[in-house]
Each structure stands twice: as structure tokens, then as C-alpha cells.
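Undergrad: The Mg(2+) binding site annotation in TrEMBL covers Ser129, Glu216, His246. If you look up TrEMBL, you'll see Arg374, Asp389 marked as ATP binding site.
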Amino acid sequence: MSTTQSDATGIDPSYTTALTNLSNLQSNRAITSLFDTPDIPDNGSKPIIDLNAPAIPEMLAWLQRAGHTPSTLTASGLRCVHVAGTKGKGSASALVASILGQYSPLPSSSSSSSPYKAAGVGVVGLYTSPHVLSVRERIVLDGRPISRAGLGRYVGEVWGRFTDAARAEAARKGVVDVAGEADLDGPGTKPFFFRFLTVLALHVFVSEGVRDAVVECGIGGEYDSTNVLPAEAVTAAVVTQLGVDHVGMLGDTVEKIAWHKSGIFKPGVKAFTRRLPEAQSGVMEVLRTRAKEKGATLVEVTDDEVEQWGGVDGAKLQGPFQKYNMALAVYAAREHLLKTGVKLEGRFGSDEWSLKDLPAEFVTGLKEAALRGRCEILEDKDGIEWHVDGAHTDDSLSGVGRWFASRTSKVDVRVLVFNQQERDPAPLLRALLVGAQGTGSRPAFTHAIFTRNEEQKPTATEERDLSVQTRALETMRDVDSVTEAVAQNAVQPAVEQVRHIAAQAGGKPCKVLVTGSFHLVGAMLKIIDHAED
């Protein structure tokens with residue numbers, strides 16, 4: 001990769017320019033807010049009217065403007081595991097990538113001596129969203145976020161190609177004089193943020209010679225920007241736990257959402273999902289019907305199999321629910337390795353394999369997988385144990401509540417720091433409290449702080465709306481009047497309050513759960529972990 005001179009701050013100017021350009025793109029939130037609920041029948045059949053329909057043709061056009069097509073992606077040797085779902089898709093993606101990384105040659109290995117190089121395992125790419133601290137987290141190469149110089153270079157390349165395409169189109173239409181250079185090079189001739197990042201990730205993978213990649217969907221699947229991947233470039237598909245989210249774009253029932261998520265199924269490609277209980281038979285029927293329509297083979301992983309296995313102890317991605325993500329990751333990674341020519345030894349390489357037959361590489365991969373802001377635990381200088389997770393749906397918050405409860409006792413000081421600025425916080429908070437309460441009689445939390453996502457306190461002339469925090473506060477008092485609950489206008493004073501609570505605890509362990517929003521998690525990590533881009 002070429003190097004460029006840094007400016008006086010020590011930061012590559014191309015990186016600074018890249019961040020500025022990305023920040024000027026239309027946000028995903030601005031796009032999703034345009035949608036009303038699509039008209040999708042409850043049986044999961046094709047929507048009657050679907051405003052998402054132009055998404056893939058538009059995305060293919062953007063991909064081509066950047067110099068790529070589905071055919072060239074295939075020709076580059078890129079082979080991907082494609083992951084969709086409502087809950088756990090980020091974790092499952094990280095788990096698959098971590099497993100594949102165990103089969104990737106070490107940097108010091110030459111291509112001739114590596115036992116895996118000929119089989120097709122090289123640099124492992126990972127594309128996920130959202131990011132917590134830095135946009136670089138979204139594009140990972142061999143377990144490390146793309147470098148600042150790399151992001152600067154590749155954003156510049158893709159941005160320039162979009163500008164060139166706009167310039168050529170203006171010339172073709174004879175409007176060159178009307179369309180000024182600033183307009184042609186500006187964000188108006190670029191796709192919105194997530195589409196740009198998806199094109200960018202694929203461009204990086206091709207440019208860096210990535211042959212093995214894991215690609216996580218953004219929203220849905222059928223019309224998601226990542227679904228420009230052709231069947232020939234996909235080795236396995238995964239649909240993790242389903243729930244109701246992004247109603248405007250995907251529908252208001254799990255069956256409708258299952259229709260969208262299963263849109264990543266490809267002909268001749270195995271798709272892996274968790275078999276749901278009989279009460280959700282309609283969801284499974286949608287997935288089975290869609291697999292048949294698309295010519296995919298649906299593999300249903302049962303809870304009995306996962307429970308008998310139990311997952312892998314000592315994993316960085318914690319929580320009792322992670323064993324289901326682990327199981328799906330094992331199935332998908334195994335399928336990818338077999339399809340790319342890696343020989344798996346012993347029973348694990350046979351048709352009679354089970355989750356109990358994992359080779360050391362798979363166990364290590366499952367243990368070492370990590371994602372910032374997902375079941376992350378930090379202990380600071382004051383001995384406070386911070387549990388951080390960006391969960392923001394009913395199901396995911398319930399699971400995070402159970403995870404936190406499993407790590408605390410009745411003698412602990414248990415503090416909740418919560419926010420969800422874009423949705424009604426009441427049902428989300430109730431789901432969290434049910435999960436954290438479990439079957440015990442003790443309150444789920446001794447203290448609760450409901451804060452906005454801004455890091456620092458407002459200025460003397462600035463006013464911040466605390467209506468969301470007030471609603472959460474009222475909900476907490478309705479559910480549990482024992483918990484000491486307050487609202488805060490920024491994350492920094494919330495942290496200061498946690499430290500005050502810990503100092504007054506008389507030596508009792510202080511454990512904190514930070515959840516409800518990735519925006520909150522990002523701001524919190526910058527303060528408690530001194531994390532920065």
C-alpha cells in the first residue's frame with residue numbers, strides 16, 4: 001500500500017479528507033425515515049407494493065460506476081459468507097471471520113510454504129456495521145481494522161470514480177457547463193452512506209486480493225446493499241435470530257421480516273439458521289419456502305444440538321445466547337472451508353460430524369472473536385466493572401439483561417446506564433428489566449441513569465431535550481420503585497455519577513451495564529476506555 005506524508009498533527013491528510021467526505025454523505029437514518037410500512041402479506045410471499053424494489057438495480061449501478069460488477073467480483077476470486085438477521089448477525093460474522101483467520105497463513109509465511117494458500121485461504125476480510133468508535137471498524141483485514149492510510153486511499157479512489165462517472169454522464173447529456181466541478185465532486189453524485197461503504201468494502205477486498213470474506217447485511221437482505229453479491233461469490237448464507245426491527249422498511253411481523261432476511265439465499269448455496277419452536281412455525285415456513293424458491297438448501301440447527309454442545313468456554317463474546325451464534329458460525333465456516341478446498345481432518349471433515357468434533361482452529365476462532373460494544377467487559381482503575389453492549393431491540397435487550405444478571409450477585413451495586421434516542425424507550429427498557437430480573441426477588445438494578453448520547457455537558461446557552469430520558473425514568477419507577485433512578489444530559493456526568501455511586505458503596509463490587517444504543521456505547525468507551533479513532 002502506498003504511503004503519504006502526514007500533516008502537522010501526524011494524521012494522513014487523505015484520511016482526514018475521507019472522514020470529511022463520508023460525513024457529508026446522506027445518512028442511513030435519513031433514508032430509512034422515508035419509508036412507510038411495506039405491504040408484505042403475513043405468509044411471507046412477495047410484497048404487493050414494495051418501495052425497496054429499486055434498491056438492487058441502483059446498487060448495481062453504483063458498483064459499476066466504481067469499476068466493479070458481480071462478474072468481476074467472482075473473477076477476482078472473492079468468496080463470501082453472507083450473514084443476515086435481527087439479533088446476533090454482527091457477532092456471528094465476527095465468529096466466522098475469526099475461525100477462517102485460524103486457517104489463514106501467518107504474515108511471515110511465503111505463498112509456497114503455506115499449507116492453506118493453494119486451498120484458497122488468504123487474507124480474511126470482514127464487513128460489518130454499525131461502527132462504535134471509528135468507521136474503520138467496518139472493514140477489517142485479518143482481524144485488524146483497515147488502516148487510516150488505507151481508508152484514505154480507498155475512499156479517495158472510490159470517490160474519484162463516482163465523480164468521473166458523474167462527469168462523463170454530464171458530458172453525455174451536454175450539461176457540463178451547468179454542472180460545476182464542485183457539484184460533480186460533491187456528495188450529490190455519490191450514494192448514501194451505507195451504499196458507499198458497501199461499495200468501498202468490496203473495492204478494498206478486490207484491491208487487497210481478499211479471497212475469503214464475511215459480509216454482514218445492513219438492513220434486511222433481499223434489498224440490502226450487500227445483496228449484489230452473486231451466487232458464485234457466496235459460499236454460505238446465515239440467518240441469525242429474527243425479531244421485529246426497522247418496521248418501515250421490513251414490515252411489522254417476524255414473518256414479513258423473515259421474507260427480507262432470506263433474500264440472501266442463493267441457488268446452490270447452503271443457508272444456515274436456528275430452527276424455531278412450533279409457536280413460530282410460520283416464520284420457519286417462510287424461510288423454507290424462500291429457500292425452495294431460490295434453489296438454496298436450508299440447514300436448520302436445532303436447540304437440542306446446541307444445548308448438548310454448550311458452546312465454547314472462555315470466549316471473548318460472552319452471554320448465554322452466544323452459543324447459538326457460535327453454532328451457526330461453525331456451520332458456515334465449515335461450509336466455506338470445504339467449498340474453498342481446505343481439507344478438514346477426522347470426523348469433522350465427514351458427513352457424520354457434530355458440534356462436539358470441533359478442531360482446535362475452530363475452538364480458538366470462537367474464543368478469540370471480538371466486536372467492540374458487543375458483550376464487552378472493561379474494568380477501570382477504580383475497580384468498576386463496565387458491561388457494554390449496543391443492544392437496541394426487545395429481544396437483544398432481554399438477552400443482555402440475562403447476561404448481566406448472570407455476572408452479578410445480590411451484594412453487588414448494580415448500575416444501569418441506558419438510552420435509546422430514536423425509539424420509544426419504555427418497551428425496550430421493560431424487556432431489559434425482565435431479562436435482568438430473571439427469577440430472583442432482588443431488583444435488577446440498584447441504580448439507573450438515563451442519559452443522552454452526547455459526551456460532554458451542554459454549554460451555558462445550550463438546551464437539550466430530556467423527554468426521552470424522562471419517559472425512561474417514569475417507566476423505571478413504574479416497574480421498580482426501589483431502584484434509585486435519575487436523568488442526565490450527557491455521558492460524562494453519567495460516568496461521574498457512577499464513580500460517585502461506587503465510592504459510596506462501602507467496598508461492595510460495582511458493576512455497570514451500558515446499553516440501549518451504539519451511539520451511547522461509543523461515547524461511553526471514549527470516556528471510560530480512553531478509546532479514540
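Glycine is no exception: its Cβ is also placed from the backbone N, Cα and C atoms.
Automated prediction, rather than curation, is the source of TrEMBL annotations.
Context for these features, please: burial, neighbours, distances.
TA: Residue environment of Ser129 (Mg(2+) binding site) contains 22 other Cβ atoms, counted within 10 Å of its Cβ in all protein chains.
Taken residue by residue with DSSP, Arg374 (ATP binding site) is part of neither helix nor strand, so it is coil.
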Undergrad: How big is the gap, in Å, between the Cα of Arg374 (ATP binding site) and that of Glu216 (Mg(2+) binding site), rounded to a whole number?
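TA: A Cα-Cα distance of 15 Å.
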Undergrad: Give me the CA-CA distance between Ser129 (Mg(2+) binding site) and Asp389 (ATP binding site), in Å, as a whole number.
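TA: Per the Cα atoms, Ser129 (Mg(2+) binding site) and Asp389 (ATP binding site) stand 14 Å apart.
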Undergrad: Please list residues from the chain of Glu216 (Mg(2+) binding site) whose Cβ is under 8 angstroms from its Cβ, counting only those at least six apart in sequence.
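TA: Expected: Val83, Ala84, Lys89, Gly90, Ser93, Tyr127, Thr128, Ser129, Thr226.
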Undergrad: Relative to the Cβ position of Arg374 (ATP binding site), how many further Cβ atoms are located within 10 Å?
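TA: Excluding its own Cβ, the number within 10 Å is 26.
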Undergrad: Far apart in sequence but close in space: which same-chain residues, 6 or more away, have a Cβ under 8 Å from Asp389 (ATP binding site)?
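TA: Residues satisfying the criterion: Gly373, Arg374, Cys375, Glu376, Val400, Trp403, Leu513, Val514, Thr515, Val521.
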